[in-house]
Amino acid sequence: MNNFGEDFIFGGATAAYQAEGATKEDGKGPCIWDEYLKKEGRFTGDTASDFYHKYKEDLKFSRKFGVNGIRISIAWSRVIPDGKGEVNPKGLKFYSDLIDECIKNNVEPFVTLHHFDTPLTLFKDGDWLNRNNIDYFVRFAKVCFEALGDRVKKWITFNEAWAVAQNGYIIGNFPPSIKYDIPKAAQSMHNMMVAHAKVVELYKSMNLDGEIGIVHTLEGKYPITDSKEDKEAAYLDYMISNKFMLDACFKGEYPKETEKTINEIMSKNGGELKIYDGDLEVLKKASSKIDFLGMNYYSSHFLKAYEGESRIHHNGTGEKGTSIFALKGIGERVNNPEVPTTDWDWPIYPKGLHDMLVRIKNEYPNYKKIYVTENGMGYKDDFKDGKIDDTPRIDYINKHLEAILKAKNEGVVVKGYFVWSLMDVLSWSNGYNKRYGLFYVDFKTQNRYAKKSAYWFKRISYEKKLIDFSDIEY
């Protein structure tokens, strides 16, 4: 069956820091990225895509091109500038106006509470390694629910807790720029899952007319050969990257196998996971109340056994073939010569999306529904005569939508797909040369231009089925 269904969301995704700009306007406090990017000195988010001032235009574009859902996030430090003190009414008003504009344009808002942008004050106090962050986050969520919960029907607690942990404490390309500290990464992930569970409990206690879920980045993990050692490496990477958090969210516990495996990884890296009194009870209570899983999928990894110390080189330039990723006690991610990659060395493997969707259905039968909340292709778009022919992006998205249809036909409940990104936005580690948007942003003028992919996306959104993109007039 080639039909997605009448209620399927064809959305576009954004994030506050990557899109809004206005980092110092209307009482916004600093977040972790303001200081970090200033020190790095390569680019800033001060203007980004200027969504703060141009959201009405972007939502009109969305309506015109059949985008019927949008992922936005609420900048914690725009609403509570230091993360824990007084509420900034101008910050709340911006999001209230933004939500109203979404509804006016028939674009359903999916609203994320944490998308990589902890307020600077709380970051300096330890971020998600500091348990106080949990209570501050719950309070922030309550402020948002009270102000916007009458209109927002889809809430997301966290975007990609694994990415927060991996990039901040293992790769080191996000603040606090620590490398190879797997124990800190795992501890921060656990603490975020406790915060997630407490926010789910809070939301349900408020009897609001809506749903709440979480977004995980879920990557397939495959052995590069059939050897026992390579299979073990793929298993270990899957455990730390995916199963650790999925078990917390949907089982409300760390089953014996998960607990044993995570502790072995921690031990090999000189640490241990600390679970505090009451944590597991909180996870268990929330696990039956989560309404949906948001799944971000860009690529899968191929693993081989690795016995050495951790070694990572992050490809942040688009210089193909420069990535290195080997973790002590886990394995090494390697290229599969049969699988193409992007310029940033991300394997293009739609089968991994299908496999992951089916795995969720089989391993977590209590899941209710899935939204693919991010998927897209970073590309050095060629802007010629006011047009961008991004056929490789269309091909990438088309193949991943085919994988979703296959999973739906096998009984997986998938209710929406959000392309990353709605318009070109700031890339956390690549700045402005890595573009994902349906709409091209000229960052000098902030003018928007529809890419060929936008015209194709409009057709599939209206027809609720895949179409031959060679037929698109552009």
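Even glycines carry a Cβ here, placed using N, Cα and C.
The D-galactose 6-phosphate binding site annotation in Swiss-Prot covers Gln18, His115, Asn159, Glu160, Asn296, Ser427, Trp428, Lys434, Tyr436 and rests on sequence analysis. Look at Swiss-Prot and you will find Glu160 tagged as active site, proton donor, backed by sequence analysis. According to Swiss-Prot, the feature active site, nucleophile maps to Glu374, an assignment based on sequence analysis.
All features noted in Swiss-Prot, drawn onto the structure.
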| residue | record | DSSP (3 states) |
| --- | --- | --- |
| Gln18 | D-galactose 6-phosphate binding site | helix |
| Asn159 | D-galactose 6-phosphate binding site | strand |
| Asn296 | D-galactose 6-phosphate binding site | strand |
| Glu374 | active site, nucleophile | strand |
| Trp428 | D-galactose 6-phosphate binding site | coil |
| Tyr436 | D-galactose 6-phosphate binding site | coil |
Query raised in the report: How long is the line from the C-alpha of the residue listed as 'active site, proton donor' to the C-alpha of Glu374 (active site, nucleophile), rounded to the nearest angstrom?
Result: 11
**Report entry** C-alpha spacing of Tyr436 (D-galactose 6-phosphate binding site) relative to Glu374 (active site, nucleophile), in angstrom
**Finding:** 11
**Report entry** Whole-number Å value of the largest CA-CA distance among Gln18, His115, Asn159, Glu160, Asn296, Ser427, Trp428, Lys434, Tyr436, listed as D-galactose 6-phosphate-binding
**Finding:** 20
Query raised in the report: Taking the Cβ of Asn296 (D-galactose 6-phosphate binding site) as the centre, how many other Cβ atoms fall within a 10 Å radius?
Result: 23
Query raised in the report: Across all protein chains in the structure, which of the binding-site residues Trp428, Tyr436 has the highest Cβ count within 10 Å?
Result: Tyr436
Query raised in the report: If you draw a 10 Å sphere around the Cβ of Gln18 (D-galactose 6-phosphate binding site), how many other Cβ atoms fall inside it, taking every protein chain shown into account?
Result: 25
Query raised in the report: So for the residue listed as 'active site, proton donor', how many other CB atoms are inside 10 Å of its CB?
Result: 24
Query - Cβ atoms near the residue listed as 'active site, nucleophile' (within 10 Å, other residues, all chains) - result: 24
Report summary line: Cβ contacts within 10 Å for Asn159 (D-galactose 6-phosphate binding site), all chains included, total 25
